[in-house]
Amino acid sequence: MSSTVVLFLFFYAFLTPSLSQHHSPLNTAYYSRSCPRFEQIMQETTTNKQITSPTTAAATLRLFFHDCFVGGCDASVLISSTPFNKAERDADINLSLPGDGFDVITRAKTALELTCPGIVSCSDILTVAARNLVVQTGGPFYQVKLGRKDSFVSKAESVEGNLPRPTMPMDQMIKIFESKGFTIQEMVALSGAHTIGFSHCKEFSSNLYNYNKTSQYDPSYNPRFAQALRNACGNYQKDPTLSIFNDVMSPNKFDNMYYQNLPKGLGLLSSDRGLFSDPRTRVHVEEYIRDQNVFFKAFGSAMQKLSEHGVKFGKHGEIRHRCDAFNN
């Protein structure tokens, strides 16, 4: 072999990875040298938190969605407001984000800062925590690429119109997902996150009481389910903490039961029941009812895609010292 060829192979071997990383800085081994215990610390933190607080998985998934849908996956939702800045987490739709989601991120960041200070971003922590907790509740494992930076900006006014609300008509829901680059099929798959977690009664009370002149409740509910919800949520105006599981059949297990509930009128939110009543989305619901593995594969793929939405690199972001505050 000539020296020219050897030289070419040498440069090719060493330059190719850096060239490919230049185009896509995210990779699964990002912390393998700079923080080798990253995965272990994340696994220990999420496992311990989920055991002590079983609502953590759903809380963290919701936090992840609310972060990524507003300006990308950059941990902007974790920033606390100051007298000079009203941050995303204080937008009205984010006020109900559960504390367990924020807490598991804080715990992981604290542990990682002790082991490898200034190395791991809060946005990577949130992304991996969401994946780990999906797996811990019985859901699919999917690969997560790493190397995100944390945002420099978090403003409450940027939230409105970027997040789907349970009362939105299907056209509007589809439009929001499509604006982020997601297909209808991916929207239906991501909605399957409602297989775990709960919703506050005030979020769907308009469907339960004085619905219209002919019915007290939304007739798309199963009648017995509607009556049970009316009884459970009866005191919601005095007690805003009253809540109901999104999937009443297997609320703590990540499975396809959420979809199985929909044809029976057991979808909790209007947006849930809309997935079965709209022919554009029903075809995917029926697909996920038939085969949980198809749902798991679709969910994992959509979560991978979401985790790379609007990611910040290089000088466009930072590694925060604390997840709830920008660096000085």
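Each Cβ is built from the backbone N, Cα and C atoms, and glycine gets one as well.
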Exercise. Choosing among CYS35, CYS68, CYS73, which residue does TrEMBL name as bonded to CYS116 by a disulfide?
Worked result: CYS35
Exercise. Which one, from the binding-site residues ASP67, ASP74, GLU88, ASP247, ASP255, has the smallest tally of other C-beta atoms lying within 10 Å of its C-beta?
Worked result: ASP255
Exercise. Which one is it: of the recorded positions CYS68, SER76, CYS116, whose Cα lies the shortest distance from the Cα of CYS323 (disulfide bond)?
Worked result: SER76
Problem set entry | By Cα-Cα distance, the member of recorded positions CYS35, CYS68, GLY72 nearest HIS194 (heme b binding site) | CYS68
Exercise. Who sits close to CYS233 (disulfide bond): which same-chain residues at least 6 apart have their Cβ under 8 Å from its Cβ?
Worked result: CYS201, SER205, LEU208, LEU242, ILE244
Seminar exercise, completed: Going by C-beta under 8 A and a gap of 6 or more residues, the same-chain neighbours of CYS116 (disulfide bond) are TYR31, SER34, CYS35, ARG37, PHE38
